[in-house]
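These features come from TrEMBL:
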COMPBIAS  598-620  compositional bias 'Basic and acidic residues'
REGION    577-620  region 'Disordered'
TRANSMEM  114-137  transmembrane segment
TRANSMEM  157-185  transmembrane segment
TRANSMEM  197-214  transmembrane segment
TRANSMEM  220-245  transmembrane segment
TRANSMEM  309-330  transmembrane segment
TRANSMEM  363-384  transmembrane segment
TRANSMEM  405-426  transmembrane segment
TRANSMEM  438-457  transmembrane segment
TRANSMEM  473-494  transmembrane segment
TRANSMEM  506-529  transmembrane segment
Amino acid sequence: MSFNWRRPFTRRQGDQNLANSESHYYRSNGSFDGDGGTVSDGSLQYTVEKGGNDSPTAYQEATGAPVEVNSPLGYSVGPLSIIMLNIGKMIGTGVYSTPSNILRGTGSVGLSMVFWALGFLTSVANLSVYLEYAAYFPNRSGSEVVYLEQAYPRPRWLFPTAFAFQSVALSFSSSNAIVLAQYLFRINGHSPTAWELKGVAVAGYTIAALFVSFHTRLSYLLANGIGIIKVLTLIFVSITGLVVLGGHVSTSRIPDPRVNFRDAFSGQATPYGVTNALYKIIFSYAGFENAFNVVNEVRSPVKQIRRNGFVALLIVAVLYILANVAYFAAVPKEELVKSQQIAASLFFTKVFGSSGAVRGLNFLIALSSFGNLIAVLIGSSRLIRECGRQGVLPFPRFWASTRPFGTPLGPYFVKWALTTLMILAPPAGDAFNFITDLQVLPSAFFQLIMGIGLYVIRYRRSRLNLPRPEFKAWDLVVVFNILVQLYLVVMPWYPPAGGAYAGDVSFWYGTYVVTGIGILIACAIYYYLWISVIPKLRGYRIRQEVLRLEDGAQSHKLVKVPVAKLAEWDATHDAVGRPLNDSTVRSDRGSAGSNGGSDEKKPTSADEVPVRRNKQDVEK
């Protein structure tokens, strides 16, 4: 397939028509089924899938979770929701608290401002990678779940298994909930005990979970409303900073608002400080990808997310830079470096000189933190749901069902339970910091291989001469993103300035890195035993079966098929796992044994859900 250089956020004229075309072209190294429903490339089989969200026809490898033609979560995500979902996750408490740390790391005002701009560029590069993936699979929510599944379909179910464990087991938001509780206590100046802080954190997270659990559209409206308040708060900070910079504040409070901008690059940066500062900058922009978790709930998703995702990222970048200008205009550099207070508190105290203003700021930051919890809950619930729909987790009905409220209650409950456990169980200090840091390396590793996987998908699609995607990123942008992700994998190994025991825990700083690697290795060992060793010893093989639930949701379930019946199974099921000769797709309770289930299929007619066998449901 030829490749043309284009701007990262535009598409070549005619690509849409090509993407909508279902015409197939024969190549010597690929074969097509006679009915045009599947495309074969060696052991890989790609099914033609068309979603109900006005997206082009997609070609996905058959081991992927079945496409839900009509989203059981509805289509409530419009342009404003895309913008606010991303902004809601990006803007938490970081822009109010991290500028002092970044200034300490970079050593100068000028370099710290460059880093905030650099964060925008790295995020644009990463966004373009997500967009190209979404153009290949525009009818699947769940972002990384889908992209890793499709980039690395062999060994079968390996990457879904490893990523599902990482996504579910490490899906807690305990640190964000505790930050919310801290700012709530700061409003009235109370110093909480450890258990008071934990109690308020659990209560705050529980309220957030309840808000999103009972109505999908209401959860988006709430996220939109809080997101708008977040933006208005930063606009207020930015405008106030410009007023200060113009010299319109009493000189008794701020004698020289431009002092930090004279000789702005003076100062000494350390290698560890620069590395740590860039790491914090990149994660301050984390959230630009949140809308990709709800792709199947968006009409014309690639077009909408390309436009509105970039708008959200641009808004946040401009507000981040202007907020830092405000801090540097009001607070002397030396005071910012040495202070233990958050930069925003110093700013408000200098400008308004009253504790009341600071309390108001604490309320706005607490609200911003609460909005972050809402946005993360919405996005990660879809990601976890997609993990469950792949069939690699037990009880697929629990993960995939949207009954009774049309919301993913199973994933919401798991996130709430894990977050509550992580708030209450670990004591403050080493244990809490260590468990929180565990998420860093596995997440960075999966992001790295996802960037590399984009070239794998391009190569396979070119072999089969499949239509060009609706969006394709520059090679330069993709390579830059891969280098950034490689940096995030390597950086945790860099020792702190004070030595190997000067990290945020009292023991060796790299313990969480080694443990993260151990988790990935343990996932691979578990996969090998579950998929290969145990089935061979017990005389069965793993196959996938499609479940269609009463609410219209669909999922895969991995079932155990005795070797003696394997040929019969393969002859009577298509590549996706749909039966060829039956008029029903059985629900979870009526299917063959899966994880811990029986080897024999025991259909129960009362549990069967009729399925019209049309082209969208079955490709053969």
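Yeah, the Cβs are placed from backbone N, Cα and C, and that goes for glycine too.
Where the transmembrane segment (506-529) meets the stretches 157-185, 309-330, 363-384, 473-494, the count of C-beta pairs under 8 angstroms peaks at 157-185.
Here the transmembrane segment (114-137) has long-range neighbours at 8-9, 19, 58-60, 102, 106, 143, 146-147, 150, 277-278, 281-282, 284-285, 288-289, 292, 295, 301-302, 305-306, 309-310, 313-314, 317, 320-321, 324, 447, 450-451, 454, 457, 461, 469-474, 477-478, 480-481, 484-485, meaning same-chain residues at least 6 beyond its ends whose C-beta is under 8 angstroms from one of its own. In this chain, the transmembrane segment (405-426) touches the transmembrane segment (363-384); three or more CB pairs sit within less than 8 A of each other, excluding pairs fewer than 6 residues apart. Cβ atoms under 8 Å from those of the transmembrane segment (405-426) belong to residues 72-74, 168-169, 171-174, 177-178, 198, 201-202, 205-206, 209, 212-216, 219, 377, 380-382, 384-385, 388, 398-399, 432, 435, 551 of the same chain, restricted to positions at least 6 beyond its ends. Remote same-chain residues near the transmembrane segment (438-457) are listed as 126, 129, 132-133, 136, 144, 147-148, 150-152, 163, 166, 170, 473, 478, 481-482, 485-486, 488-489, 492, 512-513, 515-517, 519-520 (criterion: CB distance under 8 Å, separation of at least six residues from the stretch ends). Just going by CB pairs under 8 A, the stretch in 197-214, 309-330, 473-494 that sits most against the transmembrane segment (220-245) is 309-330.
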